[in-house]
């Protein structure tokens, strides 16, 4: 009988958990810190540029003529959590379990997972555009079907093309990490985040602008684009259905993907209204949201791999109960390996955001219309918001992984979409509060140029 089974028969003491150390991630806190640091910095740079791109493109005719397309932004940016980061977590687990060591295994897994991502991208993009149109209906009381077709075409083209590029990148990262004995759980999800926002925003701005011209001159083109992507859907479903690993997700993995899209779209509704009042909020949004989701995704990927190694799905390891994961103290201040991981990830929040905010200031310093906030009040409130966001996400992460595992739902497919969507909603809401508070106590901070 294996070690895990014998551990489960022992009496459970919540103050002194018995853990199968053979399946705990082998790296120390220092190794974790330095393995996460580089992809975290790269991811942060990508988010900084994504924020700068968003602050520019919101002034383009696309966003001025069709402001409701801003509602789509968090949902489409959230695809990196729905699809690419989930793919990274899923493939990292397979790699750590040795299921991608042979060339045939890699080929079968990679093709099936790329097809699955295309199925998910198509469905999520279509539903996101429909939900954005519905949210746009609330204040106006009417639906502009032409705008809806443009949003749908832009959403489908953006989601499918960006997801294909980023998914291929994830495959390369995970295979390379496995080859050089680097834990892919520590590096794959941050790298997915590093280019996700920037790539998606750039592609959305490009396709949206192209389809806006078609909307004004060749109105039939948007409809053709929608039909083409929907016709490709059965082909992707067929390919994904041929692999046992992706078949389960194809049939039963839709709840987290769709729910996270709805949560992110709610964040998009807040973003649309917030950017109307504070334009510079669009610069900070991708950074705050992205860092939180990025760090939580690393923890989720590590925990998911541990559960896969330590127990059978439906049974928690080491005779644990769900109640164990409701303790805030255990999640952050215990001696357990996942609590140490949480502390290491939290240590990155403040210095990371300070560096990223300095970069934002440097890149926007020469702008004539620079009204990017930079004072002590705003910076302090921003850091408090960032810490609150990440702590909430890490706490929810360890609880959600254990809960879904107990419910026989694979956390590799389900947890990261919820975390990144919650990060978008929480981050956008907190950032709006930071701007409102700064505006109340020091309006010149937001309304006047720095020079």
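Using the three backbone atoms N, Cα and C, a Cβ is placed for every residue, glycine included.
Summarising the annotation, TrEMBL assigns domain 'SLC41A/MgtE integral membrane' to 73-206 (among others).
The domain 'SLC41A/MgtE integral membrane' annotation in TrEMBL covers 286-434 (among others).
According to TrEMBL, the transmembrane segment annotation covers 30-57 (among others).
Panel annotation: around the transmembrane segment (109-138), residues 68-69, 71-72, 75-76, 79, 82-84, 87, 90-91, 94, 99-100, 144, 147-148, 151-152, 154-156, 158-160, 163-164, 167-168, 171, 229-230, 232-233, 236-237, 239-240, 242-243, 245-246, 249-250, 253-254, 257-258, 261-262, 264-265, 268-269 of the same chain, lying at least six beyond its termini, place a Cβ under 8 Å from a Cβ of the stretch. Summarising the annotation, TrEMBL assigns transmembrane segment to 109-138 (among others).
Marked as transmembrane segment by TrEMBL: 150-175 (among others). Listed as Cβ neighbours of the transmembrane segment (150-175) (distance under 8 Å, sequence separation of 6 or more from its ends, same chain) are residues 66, 68-69, 72, 76, 79-80, 83-84, 87-88, 91-92, 95, 100, 106, 110, 113-114, 117-118, 120-122, 124-126, 128-130, 132-133, 184, 187-188, 191-192, 195-196, 199-200, 203-204, 207-208, 211-212, 214-215, 221-223, 225-226, 229.
Here TrEMBL flags 187-212 (among others) as transmembrane segment.
Among the features that TrEMBL reports, transmembrane segment is placed at 219-237 (among others).
Summarising the annotation, TrEMBL assigns transmembrane segment to 257-275 (among others).
TrEMBL lists 344-364 (among others) with the feature transmembrane segment. Packing against the transmembrane segment (344-364) from elsewhere in the chain are residues 29, 32-33, 36-37, 40-41, 44-45, 47-48, 51-52, 55, 283-284, 287-288, 291, 295, 298-299, 332, 370, 372, 374, 379, 382-383, 386-387, 390-391, 394: each is 6 or more residues past its ends and has a CB under 8 Å from a CB in it.
Look at TrEMBL and you will find 376-403 (among others) tagged as transmembrane segment.
The transmembrane segment annotation in TrEMBL covers 415-436 (among others).
Helix, strand and coil counts under DSSP for the domain 'SLC41A/MgtE integral membrane' (286-434) come to 121 helix, 0 strand, 28 coil. DSSP places the residues of the domain 'SLC41A/MgtE integral membrane' (73-206) in helix, strand and coil in these numbers: 119 helix, 0 strand, 15 coil. If one looks beyond the transmembrane segment (257-275) by at least 6 residues along the same chain, the residues whose Cβ comes under 8 Å of a Cβ in the stretch are 58, 67-68, 70-75, 77-78, 81-83, 120, 123-124, 127-128, 131-132, 135, 281-282, 285, 289, 417-418, 420-422, 424-425, 427-429, 431-432, 435. Here the transmembrane segment (415-436) has long-range neighbours at 74, 77-78, 80-82, 85-86, 89, 189, 256-257, 259-264, 266-267, 270-271, 274, 277-278, 281, 284-285, 288-289, 292-293, 296-297, 300-301, 304, 373, 378, 381-382, 385, 388-389, 392-393, 396-397, 400-401, 404, 446, meaning same-chain residues at least 6 beyond its ends whose C-beta is under 8 angstroms from one of its own.
Note on the transmembrane segment (376-403): residues 284, 288, 291-293, 295-296, 299-300, 303-304, 307, 316, 320, 322, 324-326, 328, 331-332, 338, 342, 345-346, 349-350, 353-354, 357, 411, 415, 418-419, 422-423, 426-427, 430-431, 433-434, 437-438, 441-442, 445-446 of its chain, located 6 or more positions outside it, place their CB under 8 angstroms from a CB of the stretch.
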